[in-house]
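Student: Dropping the structure in here first, questions after.
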């Protein structure tokens with residue numbers, strides 16, 4: 001059997017997230033699986049690198065599936081982009097070794113979060129950024145990012161219920177760039193817990209706006225109390241940029 | 001009476017264009033006028049710098065209206081952005097001399113046109129660019145732009161019916177920039193005829209794709225036969241960037 005890897009871009013606005021639910025029509029996974037069924041006449045389940053939240057986007061989600069189809073890779077690519085809705089695009093189709101697994105083999109991920117930081121809102125980026133008009137202290141936000149970088153137990157920065165699985169993750173880098181009114185935050189790490197990027201972002205923004213003190217980060221690492229962190233910012237500012245294997 | 005100038009950004013996707021028609025709910029002008037009515041309790045007609053086509057966008061449309069309202073400018077700005085739909089944003093409210101007229105006083109305009117030039121489509125920019133996957137010869141397109149710059153009779157590059165009004169316009173500059181898969185064309189001139197930017201763009205693209213020869217531009221300037229020019233490209237790649245007074 002062939003093992004096919006897909007690199008996928010999607011605008012998550014109309015969807016309930018990556019993972020197929022009862023109503024597959026409203027999930028990215030469901031949409032892709034139904035095109036694969038059309039393409040191969042096989043009933044196939046694809047494995048994503050991980051879920052993305054309802055409304056969140058991806059520029060480089062990764063997934064794999066096994067098939068007996070003999071269709072060439074470039075034909076598959078064309079088939080996907082002919083039959084998928086316009087807000088889901090397959091960017092790459094690759095042939096992988098039999099043992100490649102899009103979830104188990106993840107080495108790391110990069111996420112972006114966009115914040116529209118201006119008294120005047122944006123007509124064009126309103127579904128692809130979080131509108132946060134308050135003045136932000138860049139030095140304080142940079143200091144917050146420095147504190148978050150490294151190997152920590154991020155349990156207090158996640159929406160996880162109590163779990164026996166490890167909640168320790170390593171963040172390799174968090175960077176902030178401003179282009180006009182748009183702030184672009186980039187997170188690189190070996191893995192991110194449920195809603196972790198959105199809770200980290202909420203905390204960084206509240207520190208930048210002077211609503212939270214820098215010290216809360218140390219406290220949350222120690223106490224693991226999620227309530228002490230910032231709000232969970234909306235999913236529509238979040239992009240899964242790339243999955244590293 | 002006060003004379004108020006507005007600078008307006010809008011995502012034209014959901015609208016029938018700038019100009020109010022019977023169903024004002026589907027035009028940008030209609031949406032803005034109904035918020036002004038709410039704001040001032042006056043029935044006011046606003047004057048735009050010119051129409052924009054159904055589906056076309058603006059980053060800096062200009063308009064003016066006269067009012068007896070005493071509301072401060074910053075309060076007006078806040079009122080607009082609270083009550084307008086999220087895809088229409090008022091960026092500036094300015095107090096103008098009594099004789100300022102947003103259409104008669106136009107000195108020039110800048111338009112942008114975006115082309116997604118890649119075999120793979122885009123999930124994010126599909127309503128803000130024209131998907132044109134064919135290979136384009138940048139040198140030929142640059143030569144086409146050079147020929148179009150200057151003072152010419154653009155009748156053959158417009159959707160106008162026969163008219164007694166002058167169809168001579170001056171294009172000061174057309175530039176092309178590539179950022180990844182996105183081509184960004186910028187047009188600056190003293191005025192543009194009905195659908196002129198979209199027909200110029202269709203012609204430039206067909207020259208770049210080798211479907212039309214460079215010489216057609218001279219021929220159309222001479223014969224004024226619109227049928228010899230390229231197709232009218234879709235409105236959703238078009239942005240009115242700025243109106244000069």
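Using the three backbone atoms N, Cα and C, a Cβ is placed for every residue, glycine included.
Bear in mind that TrEMBL entries carry predicted annotations, made automatically and left uncurated.
According to TrEMBL, the feature active site, nucleophile maps to A:53. Among the features that TrEMBL reports, substrate binding site is placed at A:111. Summarising the annotation, TrEMBL assigns domain 'Pseudouridine synthase I TruA alpha/beta' to A:8-105, A:144-245.
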Student: Counting each residue once, how many in the domain 'Pseudouridine synthase I TruA alpha/beta' (A:144-245) are helix, strand and coil under DSSP?
Tutor: 36 helix, 31 strand, 35 coil
Student: Just to be sure I understand the packing, how many Cβ atoms besides its own are within 10 Å of the Cβ of residue A:53 (active site, nucleophile)?
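Tutor: A 10 Å sphere around the Cβ of residue A:53 (active site, nucleophile) contains 23 other Cβ atoms.
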Student: Give the sequence-ordered list of residues that share a chain with the residue listed as 'substrate binding site', lie 6 or more positions from it, and have CB atoms under 8 Å from its CB.
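Tutor: Correct list: A:186, A:187, A:192, A:197, A:238, A:239, A:240, A:241.
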Student: Under DSSP, the domain 'Pseudouridine synthase I TruA alpha/beta' (A:8-105) has how many residues in helix, strand and coil?
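Tutor: Final tally across the stretch: 30 helix, 25 strand, 43 coil.
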Student: Report the mean pLDDT of the predicted model across the domain 'Pseudouridine synthase I TruA alpha/beta' (A:8-105), rounded to a whole number.
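Tutor: Summarising the domain 'Pseudouridine synthase I TruA alpha/beta' (A:8-105) by its mean pLDDT gives 95.
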